[in-house]
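Per TrEMBL, the features are as follows:
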- HIS15: active site (ACT_SITE)
- ASP19, GLY20, ASN21, GLY22, ARG23, ILE24, GLY25, ARG26: ATP binding site (BINDING)
- 1-65: domain 'Fido' (DOMAIN)
Amino acid sequence: MLKVSIAHVEFEALHPFKDGNGRIGRMLITLMLWSLGLLSQPHFYMSAYLEENKDLYVDIMRGSF
């Protein structure tokens, strides 16, 4: 989990694309968890929690919470 968390933070810090970095970053979390055997299969969806708390998520990722 720590490796997955660090990889996600590093990806978001790089911000390699003009748009969609958050969506791709969340997809990468799912793929990494699946590749480590922590998920039985990848599930790609925007959870209701993240949708409802998107501003908080962005603030935390920017370190401005």
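From the backbone N, Cα and C atoms, a Cβ is placed for every residue, glycine too.
TrEMBL feature annotations superimposed on the structure.
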residue	record	contacts (Cβ under 8 Å, 6+ apart)
HIS15	active site	ASN21
ASP19	ATP binding site	none
GLY20	ATP binding site	none
GLY22	ATP binding site	GLU12, TYR57, VAL58, MET61
ILE24	ATP binding site	PHE11, PHE17
GLY25	ATP binding site	HIS8, PHE11, GLU12
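The ATP site, placed at the center of the C-beta atoms of ASP19, GLY20, ASN21, GLY22, ARG23, ILE24, GLY25, ARG26, has further neighbours from the same chain whose C-beta lies within 8 angstroms: PHE17, MET27.
Confidence across the domain 'Fido' (1-65), taken as the mean pLDDT and rounded to a whole number, stands at 87. Summary: among the binding-site residues (ASN21, ARG23, ARG26), the fewest other C-beta atoms within 10 A of the C-beta are counted at ARG23. Secondary structure at GLY20 (ATP binding site), as computed by DSSP, is coil.
DSSP labels the residues of the domain 'Fido' (1-65) in these numbers: 42 helix, 0 strand, 23 coil.
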